[in-house]
Amino acid sequence: MPVVVALVRALDGRTRCVDVDIDATSDRDGLDRALRDACARTDARLCPKGAVVRFSSRRSLLGRARGGSTHARAEVTATLIGGKGGFGTQLRTAARRGRQTTNFDACRDLSGRRLRAVNGERKIAEWEARKEEREKEIQAEKMASKQASVSGEARLRELEEKERESYQAERELVNESVNAAVASGIGKAIALEAAKRKSAANGKDVVESWDESDESDDDFDDSALLFPKASTANKRARVASPSAETCERAAEVETPKTAERKAERNAEPASTAPKTEEVQEEVELDLKLYSSSVELEALGLDRLKRELTRHGLKCGGTITQRAERLFLLRDKTRDELDKKLFAK
């Protein structure tokens, strides 16, 4: 069996001599095994685990061994763990397909199962795990709705109380306004009746003065001596219907009592006129005394219209609209109001 001296280049770059027994009938794999065994006998560190040692030209080595040549060259190489290559191309192809679609349910995982089934099982497991949490949420929602209903009922009761109080206040205000209007009407009627009575009493005094003057004239009538019946008839006629001369005379001759009554009668219209003007003249409305437009509705349509007209605002609409329009002046000035509210 020929012996070949192989110059083996190790992984550290140094070259060593190894005697290799070569069988002339060996194939390529046999030469590699013989070289590996020889390296292991010479130095175990020469060919570490996982490394491969091969002759540079195994075919020419067999020819030289048969011809008597005793030298050969060999190299130790380290193998890399991996496939045959081409995996990057597959990744790029899969990436292009992944960008084209977002539905991967039909794909399979490494165990061969469809992702659709895997995702479905995961969702069912999550749903089952959240069962207690969902029940707690349902109970919490029921409690919240119950509390909301209770608070809503309390709110309704509060609103009813407020509505009742406002109704009582409005009713009292309306009663007061009605009573005031009735009292004002009664006062005006009493004043008118008193004025009528005074005028009637003054008329009676004038007639009495006329009668007294006629009687005094009759006392000095000379015709009564000659014609007593005629004078009596004339006296009765004068008493029944006083002549123009008697009226003028009665107007010229005034007793102190008659003059005083006439002065009172002349002064009475002048004194009653300011009173009626004071009754007719309305007190300026203080909006600060009203807390809402509902209270202003008790003033009535006419009063609201006069107040709106006095401020230069539109005075039409229902009583609610007028009250709301007038109530704006409580907290705002005329310059702050909308121009649409002013009358043209």
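Just so it is clear, glycine is given a Cβ too, placed from its N, Cα and C backbone atoms.
A TrEMBL annotation is a machine prediction, not a hand-curated record.
What TrEMBL records for this protein:
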- 82-183: domain 'SDE2-like' (DOMAIN)
- 140-163: region 'Disordered' (REGION)
- 154-163: compositional bias 'Basic and acidic residues' (COMPBIAS)
- 197-279: region 'Disordered' (REGION)
- 208-222: compositional bias 'Acidic residues' (COMPBIAS)
- 246-267: compositional bias 'Basic and acidic residues' (COMPBIAS)
- 275-344: domain 'SDE2/SF3A3 SAP' (DOMAIN)
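Confidence for the domain 'SDE2-like' (82-183), expressed as mean pLDDT, is 86. Long-range neighbours of the region 'Disordered' (140-163) within the same chain, counting only residues 6 or more positions beyond its ends whose Cβ lies under 8 Å from a Cβ of the stretch, are absent. When the domain 'SDE2/SF3A3 SAP' (275-344) is classified with DSSP, helix, strand and coil residues number 45 helix, 2 strand, 23 coil.
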